[in-house]
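Per TrEMBL, the feature 4-amino-2-methyl-5-(diphosphooxymethyl)pyrimidine binding site maps to 39, 40, 41, 42, 43, 70, 109, 141. Residues or ranges marked as Mg(2+) binding site by TrEMBL: 71, 90. According to TrEMBL, the feature domain 'Thiamine phosphate synthase/TenI' maps to 9-193.
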Ligand code: TZP
Ligand code: MG
């Protein structure tokens, strides 16, 4: 069975921003602070390094906190992740679903009405969660595309919700602005937790404004 997952506060990891701490250390603290889902993302890692990083993150996650791997379907499968997240330039969602089977979660990025329409046109059960963004422009991903703003995110989130898909917002989100986000089921952050002096406190601060 595909596991239901809690998207309320979804951490996407960044190895460089986590230094000098390790990613598993940051993840452990972030989960203690209330992170509900984790995606291992490292564009600079070799396949082998990404695999080992995913295993190390998996080892610190309590049951019930879903683990996704960014881009790498093979790593997600081999490391026993709960799911995989792909962007618009990665393998097509229907092909990824065929590879991962019915029981794992599939996330897809959508940054425009056209990309949301394409996600919603996929056969039911292909995609589980749509990552909508960037909400605001962000130094973490300078090439993320045009900022949608909270109203743009809400419009796309409402379309996902009407189609029965979970949605999360991403891009420039922190505890000071997350309350502006509506019509999504959760928020995704990278730097707000990975670059925080105290990732557990940062997660608690986000949870205070992002209730389930
Ligand atoms: N996709 C769209 S924006 C983004 C990704 C991976 C980065 C978000 O990082 P931050 O630090 O939470 O703004
Ligand atoms: Mg990608």
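We count from 1, first residue shown onward.
Quick reminder: no glycine exception, Cβ is built from N, Cα and C everywhere.
Automatic, uncurated: that is what TrEMBL annotation is.
What you are looking at is a predicted structure, and each value in this text was computed from that prediction instead of being measured.
Features as recorded by TrEMBL, highlighted on the structure.
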residue	record	DSSP class
39	4-amino-2-methyl-5-(diphosphooxymethyl)pyrimidine binding site	strand
70	4-amino-2-methyl-5-(diphosphooxymethyl)pyrimidine binding site	strand
90	Mg(2+) binding site	coil
109	4-amino-2-methyl-5-(diphosphooxymethyl)pyrimidine binding site	strand
141	4-amino-2-methyl-5-(diphosphooxymethyl)pyrimidine binding site	coil
I'd like to know which of the binding-site residues 42, 90 has the most other Cβ atoms within 10 Å of its Cβ. 42
Which of the binding-site residues 39, 42, 43, 71, 141 have a Cβ less than 6 Å from any atom of ligand 1? 141
List, in residue order, those binding-site residues out of 43, 71, 90 with a Cβ under 6 Å from any atom belonging to ligand 2. 71, 90
State the mean pLDDT for the domain 'Thiamine phosphate synthase/TenI' (9-193). 97
Taking the Cα atoms as reference points, how far is residue 141 (4-amino-2-methyl-5-(diphosphooxymethyl)pyrimidine binding site) from residue 71 (Mg(2+) binding site) in Å? 15
Over all shown protein chains, what is the count of other CB atoms within 10 A of the CB belonging to residue 71 (Mg(2+) binding site)? 20
Spatial neighbour of residue 90 (Mg(2+) binding site) that is closest, considering only the binding-site residues 39, 43, 70 and their CA atoms: 70
Min neighbour Cβ count (10 Å) across binding-site residues 41, 43 flags 43
Just to confirm: which same-chain residues, 6+ apart in sequence, have a Cβ under 8 Å from the Cβ of residue 109 (4-amino-2-methyl-5-(diphosphooxymethyl)pyrimidine binding site)? 85, 86, 87, 88, 115, 130, 131, 133, 170
Does anything in the same chain, at least 6 positions from residue 39 (4-amino-2-methyl-5-(diphosphooxymethyl)pyrimidine binding site), have a Cβ under 8 Å from its Cβ, and if so what? 10, 11, 12, 13, 67, 68, 69, 70, 85, 107, 188
